[in-house]
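Asker: Below: one structure in structure tokens.
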Amino acid sequence: MATLFIADLHLQTEEPAIVAGFLRFLAVEARQADALYILGDLFEAWIGDDDPNPLHREIAAAIKAVVNVGVPCFFIHGNRDFLIGKRFARESGMILLPQEKVLDLYGRNVLIMHGDTLCTDDAGYQAFRAKVHNPWVQRLFLTLPLFIRRRIAARMRAGSKAANSSKSLDIMDVNAQTVVAEMEKHRVQWLVHGHTHRPAVHELSVNDQPAFRVVLGAWHHEGSMVKVTPDNVELIAFPL
């Protein structure tokens with residue numbers, strides 16, 4: 001009896017080892033779970049459900065196979081794949097969740113999210129996020145030809161990489177006050193998120209009680225998952 005959480009796989013054809021590791025994870029660990037939650041940035045980039053990239057179909061089929069054996073799979077959008085829509089959700093069998101969700105896991109109330117909304121010290125990123133999450137901007141982007149969308153996405157990734165190279169690590173991490181405010185708002189003592197690529201279990205105080213923030217790692221040379229059971233919450237790194 002366990003519920004699994006992963007995030008920040010950044011799947012792309014240029015990283016076949018990570019793709020293969022994820023497919024193995026779906027074939028083994030995921031099938032033994034009560035449920036699988038993917039907390040964003042499953043893909044390195046997403047320019048629309050109509051992108052014919054074969055990798056997308058392969059991943060959709062692999063997730064659907066997990067769903068078909070009775071393991072529900074849920075998805076929260078990340079900052080790289082926020083345009084994943086209903087078509088891909090149908091193909092993969094995933095259930096799309098809002099950007100924040102509270103789960104009752106074996107008696108624990110756990111808040112889950114991608115995590116980028118916690119990085120409120122990075123004003124430039126938050127302004128950019130507000131623009132690209134505007135429904136009108138998204139609709140306009142999705143009407144463009146695929147080759148133009150690819151160019152725009154590549155330019156945005158390059159710009160993001162350049163901008164991040166000049167930012168301090170502290171600015172790109174979560175804001176402690178924002179974390180506490182979110183946990184107090186949702187009345188939880190547990191938070192699980194990704195985005196920062198800094199796997200750790202942080203202890204803090206929320207509502208004058210002990211609380212925990214569990215940060216998933218990105219999938220690079222190893223995989224990262226959070227495993228929640230009736231008795232424990234574990235942050236686990238494993239070879240790909």
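Note: Cβ is positioned from N, Cα and C throughout, glycine not excepted.
Below are the features listed in Swiss-Prot for this protein:
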| type | residues | note |
| --- | --- | --- |
| BINDING | ASP8, HIS10, ASP41, HIS197 | Mn(2+) 1 binding site |
| BINDING | ASP41, ASN79, HIS114, HIS195 | Mn(2+) 2 binding site |
| BINDING | ASN79, ARG80, ASP122, SER160, ASN164, LYS167, HIS195 | substrate binding site |
Asker: Checking the binding-site residues ASP122, SER160, HIS197, which are within 10 Å of ASN79 (Mn(2+) 2 binding site) at the Cα level?
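Answerer: Cα within 10 Å of ASN79 (Mn(2+) 2 binding site): none.
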Asker: Residues near the Mn(2+) 1 site, ASP8, HIS10, ASP41, HIS197 excluded, by Cβ within 8 Å of the Cβ center?
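Answerer: Near the Mn(2+) 1 site, the remaining chain residues are ALA7, LEU9, GLY40, GLY78, ARG80, GLY194, HIS195, ALA218, TRP219.
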Asker: How many other Cβ atoms sit within 10 Å of the Cβ of SER160 (substrate binding site)?
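Answerer: The answer is 14.
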Asker: Using the alpha carbons only, what distance in Å do you get between HIS10 (Mn(2+) 1 binding site) and SER160 (substrate binding site) once rounded?
Answerer: 15
Asker: On a count of neighbouring CB atoms within 10 A, which of the binding-site residues ASP8, ASP41 is highest?
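Answerer: Output for this query is ASP41.
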Asker: Sort the binding-site residues ASP8, ASP41, HIS114, HIS195, HIS197 by C-alpha distance from ASP122 (substrate binding site) and give me just the closest.
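Answerer: Going through ASP8, ASP41, HIS114, HIS195, HIS197 one by one, the closest to ASP122 (substrate binding site) is HIS195.
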